Structure formats: structure tokens, C-alpha cells
């Protein structure tokens, strides 16, 4: 087996792709990037089958079949082929050899076994994101809009057809419920963080930007005053700023607090020491609380947006010992996986039965039965049977040993993001996601699930991802605040 997508540079790849696209008459009628999609798949049959299913195995098989039907022909072929061409494979795998001992990789790679079972520390999440951005830059992965690092703010509106608007709004409401449940300590009945007012937010922004003396006279009175939720108002304001403006807010706030401490020390003759110490203690505690709230909120807001699909997809094979020589066998396995639905057990059996060592090594990376926390917290470097779909879209939509076979179709979940969101063509992305949600509702208790796969896809569409190969870590704003119209 050998990789037939031979291209070391963007120019060489463009030559290969132009011939391939013309030969297969790829189109972008319903998809952002050109694909084999000629029509929008209808999934009603799977909903009816789900209503009649009596076992979890049946339900899992039906949903897997629906996913493959929904995504079989909609993969972004150009980006999939670029992710799998000889040059990208060589550079993508070699990067981990060169950087495995760097600060941005070692903190999570060396602790992989721990991350399979435990909630990751914040530094392991941040290091992963920095590593993903570095990988993209060093490998030269970006060749256009659909392989880019997104930096814009979340849109204010998301337009959908009237036929699915109720479903999409229901999904968004459930996402908000889950976010609140996480933020409020796992209880739907716990006090909720209310909306943060503009005056409150503006004051916290000024405080974080260096106006530390504002701490003596906040608009709500005492600096350490708590809101209805029980959290200090300074903490909720800073946490909200992190949602809106990014994690740099906390670094700025930390510096402002240090300046405040220095000022109090230098002017000790001018302040009441007991009151000053109480104020400083409260500000420090508010900072710690804001960090915790921001982490909890981000865990929901970024459950998938912060999984860099192609970066993790290169990490797992590298970890399993895959080389450019054995890579074609991985691509072929994933292509077949996307043609025939397999549940968790059948997939693992197929990996175990492969004569190639990487199959068993991938199984050893799985965390399906080991992670006991809410799966929304699982580190994006950890592999599960569900995350095999990340590998699938990266390397399985276009089998490198026979790229022409891509015309047969191979369905992988994240390909949904390639469907257009434009209302001129009926927002097929939202329509497919809505259908998948209806299928899940027909067979599962949605409220009891840690992660609802269809909601996860909607979340990524709402934050602006129009391709599985985009990185959304730097996007500002909260997708759950978007207005569905």
C-alpha cells in the first residue's frame, strides 16, 4: 500500500486536486467546499426505526447508520486530501517527534494515562491549544479559508428554515441548561448566575486593564459583595469577560491585583491595614473563583470547538507508532469504517484484528471505560471510540491508496460542518443537525446524556466553523447567546 496523493508543496497539491476535481465533477451546490454531494439526504426513516428499537445496541446501530447516511458524500474533498497527502503526513508526524519534549506537548502527552481517567488541569488544556496552533504554523497546514485559524467573534444571528426552527431552539435551550448545570455545581436547582450588566462588565474591564484603584469604589458598593448566585460580583464579571474577550483577561486582572497589592504596601500609612487586607484577600479569592467559573463555562462552550480535529488526528496515530509508510493502511481502515456503521465493540474488534501494530496501540489509547467524570471535561488529546470520527474525517474520506474510491462515499460525523448554512439553499447544515437530534430524541433520554452529539455539532456551527479542519480556539463570544431566527 502506498500513498497516491503525492504532493510536498501547496503548488504540487493544487495540481493534483485540480485534475481530481475535474475528473469527478466535484460541486459545491450544498457544501462550502466542493464535495460529491448531489442532494440533501433524508433521514426520516431512521427516526421511525429508532422509535421501534428496544435495545441500546439497536439504537446505537441506527444512529451510526443515520450519521453515515447524513455525511457519506458531503466531506470537503480538497481539505481531506490535503490532510492526507504525502507532504502533510511527513511533516505532521515528524512535528511530534521534534516537539514531544516541548512545554506545550509534554504537559499532556506525558500524562496521557492520567488524562484517560481524570479531569484535565487548566494548564494541560492551554498547552494543547498552543501546541495545536504551533503545529498548524510549523506544518504549513493552512491553504485557504477551510483550513484556517478562526479569530472572528460569534455571529449575533443564525438563520434557519421555519421547518426546523423549533428543534434548533430546543437544542440551544438544552445547551444552556447543561452550561448552567456545570457552572452551578452539577445541580439544576442551584442558584444560577444571572446576566452580567453592562456597568458591572465595564467596571471589571477597567479594573483588569490596570485601573486597580477602582477596587476601592465599585458600582455595587463593597468590592467583596456577592450576587444572588453566591459568587462575588467581581468574580462573575471577570468570568463573563473571559467568555466575551478571551483568556488574556485573567492575565491582565492578575497584573492589576499585583499593582493594587504594591500600592497598598507603598501607602501603608494612608490606609486602614485591617480593611486593606480584607479587601486584598477578597480580591484574590474573587480572582480564583473567576478562574474556576471561566474554566467551567469554557468546558461547555468549547466542548468541541476546542478539539482541533486534524491536530488530534495526527497525534493519535503518532502515539500509536504510525509512520508515513504505514499511514495508507490507517486511511484505508477509516475509509471502510465510514462505509459500514460499527458500534463501539465492533470497531474495537476490527482494530484488534488488524495485523498491523497500530491497531492494538490505538485501542490502548481508548478511554471509553476509564473516564468516570462528565465527558464534557475530557481532554481533547484523549482518544475514544466516538472520537474515531475525528480520525475518519481527517484521513478516511479520501483513501490515499485509491483516491478515486472517495466517489463511493464514506461518512464521518464532522463532515456535517461542510454543509452550507446559507438560507438561500435552506441551511442544510442546520436541517441535517435537526434531523439527527430528532433521531436521538426518539431513542435516548437526552437530559441524562453527558454530551449530545447533535448538539455538539450545532455548537460548532454556531461558533462559525464551516469546516472540520478549522481551528476555533481564538473565536470570541458565546454560542449560546446567539439569536436563532
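Glycine residues also receive a Cβ, built from the backbone N, Cα and C atoms like all the rest.
As recorded in Swiss-Prot, the features of this protein are as follows:
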type: MOTIF; residues: 269-272; note: motif 'DQVD'
type: SITE; residues: 216; note: site 'Homooligomerization'
type: SITE; residues: 263; note: site 'Homooligomerization'
type: SITE; residues: 270; note: site 'Homooligomerization'
type: SITE; residues: 271; note: site 'Homooligomerization'
type: SITE; residues: 275; note: site 'Homooligomerization'
type: SITE; residues: 279; note: site 'Homooligomerization'
type: SITE; residues: 355; note: site 'Homooligomerization'
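Projection of Swiss-Prot feature records onto the structure.
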residue : record                     : Cβ neighbours (10 Å)
216     : site 'Homooligomerization' : 12
263     : site 'Homooligomerization' : 16
270     : site 'Homooligomerization' : 9
271     : site 'Homooligomerization' : 15
275     : site 'Homooligomerization' : 10
279     : site 'Homooligomerization' : 19
355     : site 'Homooligomerization' : 7
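DSSP gives residue 270 (site 'Homooligomerization') a helix state. Note on proximity: among 263, 271, 275, 279, 355, the recorded sites of the record, the Cα nearest residue 216 (site 'Homooligomerization') is that of 279.
Of 263, 270, 271, 275, 279, all annotated as recorded sites, the residue with the shortest Cα distance to residue 355 (site 'Homooligomerization') is 279.
Rounded to a whole value, the Cα-Cα separation of residue 275 (site 'Homooligomerization') and residue 263 (site 'Homooligomerization') is 14 Å. Cα-Cα distance from residue 263 (site 'Homooligomerization') to residue 270 (site 'Homooligomerization'): 10 Å (rounded to the nearest whole number). Recorded residues residue 271 (site 'Homooligomerization') and residue 279 (site 'Homooligomerization') have their alpha carbons 11 Å apart, per Cα-Cα distance.
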